[in-house]
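Taken verbatim from TrEMBL:
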| type | residues | note |
| --- | --- | --- |
| TRANSMEM | 33-56 | transmembrane segment |
| TRANSMEM | 83-104 | transmembrane segment |
| TRANSMEM | 116-135 | transmembrane segment |
| TRANSMEM | 141-159 | transmembrane segment |
| TRANSMEM | 166-185 | transmembrane segment |
| TRANSMEM | 214-234 | transmembrane segment |
| TRANSMEM | 255-282 | transmembrane segment |
| TRANSMEM | 294-314 | transmembrane segment |
| TRANSMEM | 326-343 | transmembrane segment |
Amino acid sequence: MTFPSALTQQTSWRLGSTTLNVVIESDAIIRNLLLSVILLGAVVLSLSSGTVYVPLKQVVLALFSESDAMTNFLINDLRLNRILAGLYTGAAFSLAGCLMQNVARNRLATPGIIGIDNAAMAFAVASVVGIGVGLAPSSMALVGAATATALAFAIGGGSGTRGYRFIVAGLAIGAVSGATSQLLLSQVHIDVANAAYPWTVGSLSGRDEEQVPWMGVITLIAVIACIILTRYFRLLSFADSVIITLGQKPNQIRFVAVVISVALTGFAVAMSGPIGLIALVGPEMARTFAKHKGLPLVSSALCGAILMVLADLVGRTILSPIELPVGIVTAVVGGPYLIWILIRKPKQSSL
């Protein structure tokens, strides 16, 4: 299949067989390596910082369980698990946002803004009311995310040129879902509501150690899938007639992109609660690094991870020893950014 020159003009290498090809661009490799270094720096800074400062040397020793017992516990049992949860969920939210924006051809069409986050939370909260905060099942969050997506597409009449109608439908779904979550929590014992509240606004505190590795595996699988399928997802920037002329089926490509986005959002919400503004800011950062060329899916995941780790660090330290949920920190930063997009870049909201 021949791709338009706009998709292949950069220096790249093609790997694979006649049935599976992966195009690796040199610019993307350099960009993602740089972002990986920044992410590593953010992780190290977050491991060191907090109510108790730990020198870099002691951090390294603690990671190998070679420091004193207190430092080992602080780094490995308290901070590392939380940071990894933030890294994985940040990458998942941002990657999901980039995919959904590409499907709807609109920068505002992120899972948080179109109600997927709130719907996933509402379904998970419904299970929390009956089962408990610690056992909020990911399956219910996935059902909620899928339900919200289906409703948004049905009410909005699809995506593409109807992107704004799609967004308005999602906003309504998100508002109803958010109200439902608050109603459910108002009907339970005050202790359950207090325990669930930080999670409903987005928090990485007290994440289950057994859930974090699974979130990492899911995010990694999604990133690999996106690397393989990027050449198809890029075609969604063209009209359906062009995609069909190139021998591809646009609806199938959209379906795959939406499934990946919904799965990532559902699992991420089950882990950390709704932190949807990462899905808005992360992809935009990645596009800036990529100079608005191509579809920077991997870069979006890395930017989302960086943002989440740094936002959680700010939440832990800015009012220490009091902690702010990471969802509040991202809202403080992401809210004005959303307003800036609406006011300053009205002509650039479409992709």
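Cβ atoms are placed via backbone N, Cα and C, with glycine included.
No curator has checked TrEMBL annotations; they are predicted automatically.
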> What parts of the chain pack near the transmembrane segment (83-104), using Cβ distances under 8 Å and only residues at least 6 beyond its ends?
Replying inline: 39, 43, 46-47, 110-112, 114, 116, 159-160, 163, 166-167, 204, 207, 212, 215-216, 218-219, 222-223, 226, 233, 236-237, 254, 257-258, 260-262, 264-265, 267-268, 271-272, 275-276, 278-280, 282-283, 286, 295-297, 300-309, 311-312, 326, 351
> Under a criterion of three or more Cβ pairs within a distance under 8 Å and sequence separation of at least 6, are the transmembrane segment (214-234) and the transmembrane segment (141-159) in contact?
Replying inline: no
> Any chance the transmembrane segment (141-159) and the transmembrane segment (294-314) have 3 or more Cβ pairs under 8 A, given the pairs are 6 or more apart in sequence?
Replying inline: no
> Who are the chain neighbours of the transmembrane segment (33-56) in space, where the CB to CB distance is under 8 Å and they lie at least 6 residues beyond its ends?
Replying inline: 62, 71, 74-75, 79-80, 83, 87, 289, 299, 302-303, 305-306, 309-310, 312-313, 316-317, 320-321
